[in-house]
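Some notes on the structure that comes next.
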Amino acid sequence: MSDVQNKDWQVEQERVSAVGEEIDRKVKALKQNTGKVRSDVLEMRKTFWEDVTVNTDEPDDMIETAASIKQQAELLSERERTHKQLDRHLKTLDRLKYSPYFGRIDFLEKGEKSSDQVYLGIASLMDEQDENFLIYDWRAPISSLYYDYSPGPAQYNTPEEGIIVGEMTLKRQFIIRNAEIKGMFDTGVTIGDEMLQEVLGNNASTQMKSIVATIQREQNEIIRNESSKVLIVQGAAGSGKTSAALQRVAYLLYRYRGTLNAENIMLFSPNSLFNSYVATVLPELGEENMQQSTFQEYLNHRIGKAFDVEDPFTQMEYLLSGESEVDDQIRGEGIRFKASLHFKKIIDQYASDLSSQGLLFRDLSFRGDVIISKKEIYDYFYSLEKSYSIPNRIQIVKDWLLKELRRAVKRERSRSWVEEEIQFLEKEDYMEAFKKLQEKNRFSENTFDDFEREQRLLAEMVVKEKFKPLFVRVKNLRFIDTTQVYLQLFEQDNIIDKGLPLNWSKICTLTVKNFHNMVIPYEDATPFVYLQDLIEGRKSNTAIRHIFIDEAQDYSPFQFAFIQRLFPYSKMTLLGDFNQAIFSGATGSETVLTDLNVGDEDVESFVLTKTYRSTREIVEFTSGLINGGEKIEPFNRKGRKPVIEMVEPTKLNSAILAKMKEMKDEGHRTVAVICRTSAESQKVYGALKNELPLHLIEKGTVSYEKGNLVIPSYLAKGIEFDAVILYDCSQYKREGERKLFYTVCTRAMHELHMFATEGINPLMASVSKDAYKLI
Ligand SMILES: Nc1ncnc2c1ncn2[C@@H]1O[C@H](COP(=O)(O)OP(=O)(O)OP(=O)(O)O)[C@@H](O)[C@H]1O
C-alpha cells in the first residue's frame, strides 16, 4: 500500500471511529427513552383491568365498559407500537455500529464550489447537531449515483428538485466489520469486482442476504422503478431477481414512508421453504417484512375444507412419475387448456349466460325434510330483475332465504321433537332462559303464565340452536351448488364448443371423476375459484398496493389474470425466468411470462443476463443446456468444472455418501443431494440417514439448517447451496424436463457433481464437452 493510500485508510478509519462514537451517543439516548416506554408498557399491561371501568349490570354500563376497554387497549397498543419502533431503531444502530457504511462518493454539483462526501449505509445517521448526514440511507435519491455511475459526469433524480447534474470525483468501497475497515477500494466502472468476489465467494447461507453494498446498475433500475404499473423482470438463474425484489420492497417502504407500510405489500412465493429463506432480508435492512403467501395457500383458503386441493408439487410428482404416457398426455392437454386465457374467456361467457339460466342450487333441509327446495331457490333467483348482476341477485336470494329460515324457526317451535329436546336440556340452559326472561322484565312470579313463557323461550333456544348450521350455510352462500355449476362446463356439450383440445371428452371425464372424489386438481383450482367469484361477487382487496410475484414463470396466464382481478389497485412486479418454467415445461402450457394480458402502456420489462450465484465454470455448463444460453454472462469467479461421474446403480448411494463427506471436508457448509422426485428423496434419505447427519426436505418443510440435505428437484427452486450433488442425472431424459434439469443444476454456487447410472442424458447433447469433466 502506498503512503497516500495508507493515509487515506487512516483518515477513513478515524471517521469510522468518530461515527461509532456518535452512534454510541444516540444509542444511549434511545435506550433511556426505550426504557421509559418499556416500563410504561409493562405497567399498563399489569394494571390494564384496574384502569378500565368494568360494570356489566345494565346494558348502558356494558357499552361504557366496552368503550373503556377499547380506549385502554388503544393506548396500550400505541405504546407497544412506539416500543417496537424504538426497538427496531436500536437494532439498526447496532448494525450501523458494526458496519456503518459500505460506500462513499464525492459529488460536485454543477455550480457548487466544493464537493459533498456521501457515505452510504443501510440507514441514515445525522451528526450530533442533527444538521449533516454522517451516513446516507442507500435508498436516498443521491445514493443512486453510487449504483449508477463511475467517476465522471453523473446525475440523479430527486422528487423535489428533479434532475441534479454534476461530477463524481471519487467512488470508494469499504468492507467494515466490527467498526474496523477490513478492505477499501477506489473503483472504476462497476461496483467493485473485489467486493463482489468477496461476497460471492462466501459459503451459501440458509437465509438470503441483502445485497445493498453491491447492487448492480441494471438491478438498481428495477429496485427504484416507480413509473410502471406492471414491471416484468426476466432474468437468468442467479441474476439476482429475488434479491432485487426484496431490495425493491425496502426501497418502496422508504420512498413512500408514511403512506405505504409492510402490510400493503404482498409477495407470492413458490413454497414455504422459500418464505423462510427470504424472511431475514428486510429485518436486516431495518424494515418490517411484507406479507408473504404461496398462491396455493390462497387457493386452499378460498376453497376450504370441503375439497382436497391438489398442490402443484403433487401435480409435478404425477407428471414426473410418468406412470402412464396416455394419461399424461390427456392430463397435460387439460392442464394447458385450463391455464389459458381462452378458458378464462369461456368461463366469462358462461357466467354471463348464467344470468338468464343454468345456475344450480342446493336444497335446504332440516331434520330430513326439505324446507326450501333448490327448485324454489332457482325460481326465486330467476324471477329477480335480470338487469341486476348475478352477485346482487344472490344477495337478494340470501336475504330471502334468511327470512324464510326465521319463519321456519317459528313454525318448528311447536313441534313435538322440541318438547322432547327440552327435557334433555342442561341446568345452565334453563338458567339462561330464566335470565333472559328477567332481563325482559316479564318474569313476575311463579305463575302459570311465567311457565308458559319460559317453555316458549326454551323452545326457541332449542330450535335456533338446531337451525344455526343452516343460517351459517346461507350466510356463506353455500346454497349455491358451485361444484355442479363448474362441472356443467364439462358435462354439457353445448357450453364449450370452440377451441377444444383434442381429447376433450376424456379431459371432461377425468375432471368430473376428480371432483366426485372430492379432489380439485391444481389446474382446476383457479378456474373454479374464479367462477365462484363471478357468481358470488368478491370485494377486491384494496389494502394491498403492491404485489410481487417471484418465480412468475410458474403462473399461468389465467392465474395472473385472476390475481390482477383480486388486487385491481395494486402495482405488480413479476420476476421470473422462462428457462426455469418447470411446471409449464412439463406440460407445455403458456406461462404469464409468455402470454401476459395487459395493455402495453402499463408494462415495463427488464432483462437481467448477468448471473452471480455460480462459478464461471458452472454457468458455462448450465447455459449450454438452454436455448439462448450464450447470452448469459457469468460473474468471473473461478471454480472447478462440473463433474459427471458414471456409477453403477447399486453403488450410487455409497458414492453419494462418499462425495458428501468429501464436500464437507472441503469446507462446504450446505451440500444438497437433489433428487428428481420426492419418492426418490425419501429413498436416498432412508438409505443414508444413519450414515451421516442428514435433513430431508419435503413440501411442508418450512426452514432448513446448514449441513447435508436431500431435496426433490422442484422444491430447490429459488434457493442455493454451496455444493449440489445430482442423484442420477441420467433420468432427466424428456425434453419436457429440460427446464427442470437446468433449474437444479443452477442451484450450485461452488460445486456441481452429477452422478449418472445410464450415461449422459440427451438434454446434455447441446453442452460443449469442454464444459464438464466425465469420470
Ligand atoms: N448485486 C449483487 N451483489 C451480490 N450478490 C448478488 C447480487 N445479485 C445477486 N447476488 C447473489 O446471487 C445469488 C442469486 O441471487 P437471487 O437468488 O436473487 O437470483 P435469482 O435471479 O432470483 O435466481 P433464481 O432464478 O435462480 O432463483 C444470491 O446469492 C445473491 O445474493
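Cβ atoms are placed via backbone N, Cα and C, with glycine included.
Where the annotation comes from TrEMBL, it is an automatic prediction and has not been curated.
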Which range of 63-90, 427-454 is coiled coil, per TrEMBL: 427-454
Reduced DSSP assignment, K241 (ATP binding site): helix
Sequence-ordered binding-site residues from A236, S239, G240 with Cβ under 6 Å of an atom of ligand 1: S239, G240
Under 8 Å by Cβ from G240 (ATP binding site), counting only residues of that chain that are 6 or more apart: I211, Q216, Q219, L608, Y612
Chain-internal residues near G238 (ATP binding site), provided their CB is under 8 angstroms and they sit 6+ positions away: T611, Y612, R613, S614, V619, E720, T746
Residues satisfying Cβ distance under 8 Å from G235 (ATP binding site), sequence separation of at least 6: K241, L575, G576, D577, F606, V607, L608, T609
Entry from the binding-site residues list S239, T242 having the most other CB atoms no farther than 10 A: S239
Those binding-site residues listed as A236, A237, and which of them has the most Cβ atoms within 10 Å of its own Cβ: A236
